[in-house]
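Student: This is the feature table in TrEMBL:
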DOMAIN    250-525  domain 'UvrD-like helicase ATP-binding'
BINDING   G271, G272, P273, G274, T275, G276, K277, T278  ATP binding site
Amino acid sequence: MPGAKVIMADVFGKSYDALDGSVQPQVLQFIMKMQRDPDSNGLNLKPPKGAKDKRVRTARVTDNYRAVLMHYAERIYYLVAVLPHDDAYDLAANILFDINKVTGGIELINLGSLYGTLSGQPKAAGSAEGTQPSFFAGVSDADFERLGVHPSIIPALREIRSEDAVLGIVETMPKLARDVVLCLADGMSVEEVWEQVSSLAATEDKIDPQDYEAAIERPATKEAFVVTGDIAEFGRILTEPLSAWRIFLHPAQRALAERKTPYKGPARVTGGPGTGKTVVALHRVKALAERLPPGQAILLTTFTTNLANLLKSHLKDLGGAQLLAKVDVRNIDKVAYGTVKETFGPEAPSRLKDSEILNRWIELAEEQPVQRYDGRFLNAEWKQVVLAQDIRSRDEYFAANRAGRGRRLNRPERAQVWSLIEEFERRLDREKAASVIQLAAQAARIASGWSDEERPYRHIVVDEAQDLHAAHWKLLRALVPEQDDDLFIVGDAHQRIYDNRTSLSAHGINIRGRSKRLTLNYRTTRQILAASLNLLGDSKFDDLDGNTEQLRGYRSVLSGASPETVRYRSPAEEMSALAKRVETWQQEGIKPQEIAVVGRTHAIADSAVQALRDAKLDAVKVEDYRVPDPDEGVHVMTMHRIKGLEYRAVAIVGASDQNMPLPSALTPETEDRLQHAADLRREQSLLFVSATRAREQLSVTWSGRPSRFLEPRTSR
Ligand SMILES: Nc1ncnc2c1ncn2[C@@H]1O[C@H](COP(=O)(O)OP(=O)(O)OP(=O)(O)O)[C@@H](O)[C@H]1O
């Protein structure tokens with residue numbers, strides 16, 4: 001008897017993750033049995049009674065669990081879910097499969113959950129909102145269908161009368177319908193939605209609504225189903241819960257990442273937290289690697305080593321060792337140091353961390369008989385004026401542009417500052433040491449002298465671009481010849497947490513006409529998003545290229561609990577409440593390693609670890625360069641360390657005015673007004689970054705006075 005081909009639907013992952021560890025291995029056994037012989041008695045593969053779609057089948061996985069499948073062609077089955085017996089029959093009764101008229105891809109429509117989301121909605125008449133018109137009154141059925149919304153969904157859309165209901169229902173829809181409905185709800189016209197969403201997802205094929213063989217080959221199907229017959233591949237996929245196979249690019253993301261016609265120069269993608277910028281960068285690397293000529297290389301870089309390690313593991317998930325072999329994944333400081341070391345070998349200076357450099361500046365400033373300049377001010381002047389413009393002489397410094405610096409320096413003052421800078425650099429030379437930014441400037445100087453043939457990369461992709469310094473951009477510009485698809489840059493100035501501000505065009509990186517902004521957040525519930533945006537107040541942010549960026553249209557499809565903001569009388573009380581909160585989250589089914597506790601300083605994080613352990617909860621401090629094992633417990637870390645990560649639940653602790661902003665991170669206002677403002681914005685961004693790591697639950701707590709960034713939304 002020939003075996004069957006089993007194809008996994010994207011939604012399958014959700015039901016699989018919810019299964020008990022003892023049932024999960026049985027699912028693989030079940031798939032193997034299906035592949036061997038779907039008609040074997042033990043499987044009891046049959047059409048359930050009362051199913052809306054005659055192709056639905058149920059089959060036995062264990063005594064208590066059933067698989068729901070769709071049988072669409074001879075010996076080919078889609079696996080939709082494995083659920084407890086009754087739930088499986090419920091689902092089987094309410095699903096439909098069809099070929100989407102726009103994408104030509106196969107779609108799974110779950111009418112049960114779709115209509116289920118409407119149950120809490122006010123009725124059309126007889127309720128407080130009785131006269132509320134249907135939210136989509138202006139869109140005809142024909143328009144919905146033309147845009148790619150399946151006709152079975154349209155009656156549910158007619159029931160919608162509030163934005164909340166829109167956001168609730170889209171979670172249960174097929175992908176294209178979800179994007180269309182969100183854009184219409186955002187006020188876009190039918191034509192705009194066609195141009196910006198549906199037409200981008202449309203297939204050029206002539207669609208035969210019965211031809212599933214052709215439909216299975218289309219990209220839209222491949223985004224929603226894992227088409228593999230290889231059992232080892234199934235096993236690998238199922239044991240990597242958040243791995244990249246589940247990431248199905250939104251048409252706007254796909255247009256950026258998989259674009260076939262080359263970008264005629266550098267391209268830039270911005271967008272708020274969780275809009276999939278990193279995902280786009282990874283898919284871009286994959287697309288570029290697929291057409292990379294032999295002997296050429298791609299650089300994927302970001303700001304910190306931790307994030308570079310994370311990118312490496314995501315890239316491996318996405319394309320395996322084969323993809324990784326074509327890509328150099330390194331953080332920017334390593335790229336710079338590598339260039340300097342190649343030239344100077346063992347003579348290359350050793351690297352000093354930013355904190356060590358700052359301490360040396362503070363020492364030098366304090367040694368001066370007359371203390372005219374604060375160490376912080378001098379450090380910033382050196383980094384943001386001297387190193388940013390690669391100034392090497394007193395005359396160059398006299399002529400330097402000091403835009404962005406808030407303290408004027410007259411000529412004699414500039415002479416004083418320059419002599420301090422010379423003294424500082426002399427001391428570092430004597431130590432055979434250098435700051436990471438000095439090394440980047442040196443590397444940029446070296447690489448700028450190379451010919452195009454000597455430039456080591458064919459493409460460079462940059463994540464977390466907002467944190468890079470001017471010297472980094474000069475270096476990157478010099479590491480890749482100016483040509484099509486040279487630089488692909490991804491970032492968000494709202495998340496700038498290191499003190500580097502510059503504009504791409506100042507470094508010969510011209511992105512005009514090649515920049516896009518992503519607006520749909522896939523990570524965070526809209527309740528958490530609204531609270532996080534509140535933290536930013538009315539501060540202004542840039543678009544990495546000298547213009548102001550706005551978060552217009554930034555929204556989430558997910559809905560959940562409101563975040564908590566709670567004040568306690570003392571740090572001890574706050575910490576014991578933290579332990580209770582973490583315990584409650586765990587009781588609600590959130591695993592310890594899916595919970596993060598975040599503090600502004602190491603000391604706060606350490607006291608949180610202690611408090612959790614005192615309450616007999618497993619907790620681990622997440623330090624640099626190490627990812628804890630899943631059984632080490634709740635992850636506790638600083639706000640800098642959580643950058644780029646995400647958790648189901650996040651507790652921000654110690655968010656008092658004493659810690660946020662951290663006084664030692666602020667340049668005195670009297671010393672430099674603009675630097676003070678930039679320091680404040682950076683602290684605000686740190687809190688914003690921390691809050692936007694939360695997928696489902698967020699709590700922000702403190703004792704004493706709340707951080708000024710919390711003021712607008714604290715109701716006490
Ligand atoms: N099209 C998509 N469909 C479903 N999930 C997605 C999609 N794109 C991204 N995601 C998920 O959304 C989350 C955020 O993605 P990602 O980390 O790429 O966003 P980001 O913009 O780089 O975020 P941040 O700037 O906050 O670090 C991830 O869990 C990712 O898997």
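Cβ from N, Cα, C; glycine included.
TrEMBL: automatically predicted annotations, no manual curation.
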Student: Quick check on the binding-site residues: of G272, P273, whose CB has the lowest count of neighbouring CB atoms inside 10 Å?
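Tutor: Sparsest of the binding-site residues G272, P273 by Cβ contacts within 10 Å: P273.
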Student: In which DSSP state, out of helix, strand and coil, do we find G271 (ATP binding site)?
Tutor: strand
Student: Including all protein chains displayed, how many Cβ atoms other than that of G274 (ATP binding site) lie within 10 Å of its Cβ?
Tutor: 26
Student: What is the set of residues, excluding G271, G272, P273, G274, T275, G276, K277, T278, whose C-beta falls within 8 angstroms of the centroid of the C-beta atoms at the ATP site?
Tutor: D492, L518, N521, Y522, R523
Student: Restricting attention to the domain 'UvrD-like helicase ATP-binding' (250-525), give the mean pLDDT.
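Tutor: The answer is 93, the mean pLDDT of the model over that range.
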Student: Where does T278 (ATP binding site) sit by DSSP, helix, strand or coil?
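Tutor: In three-state terms, T278 (ATP binding site) counts as helix.
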Student: Out of T275, T278, which of the binding-site residues is least crowded by other Cβ atoms within 10 Å?
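Tutor: It is T278 that, of the binding-site residues T275, T278, has the fewest other Cβ atoms within 10 Å.
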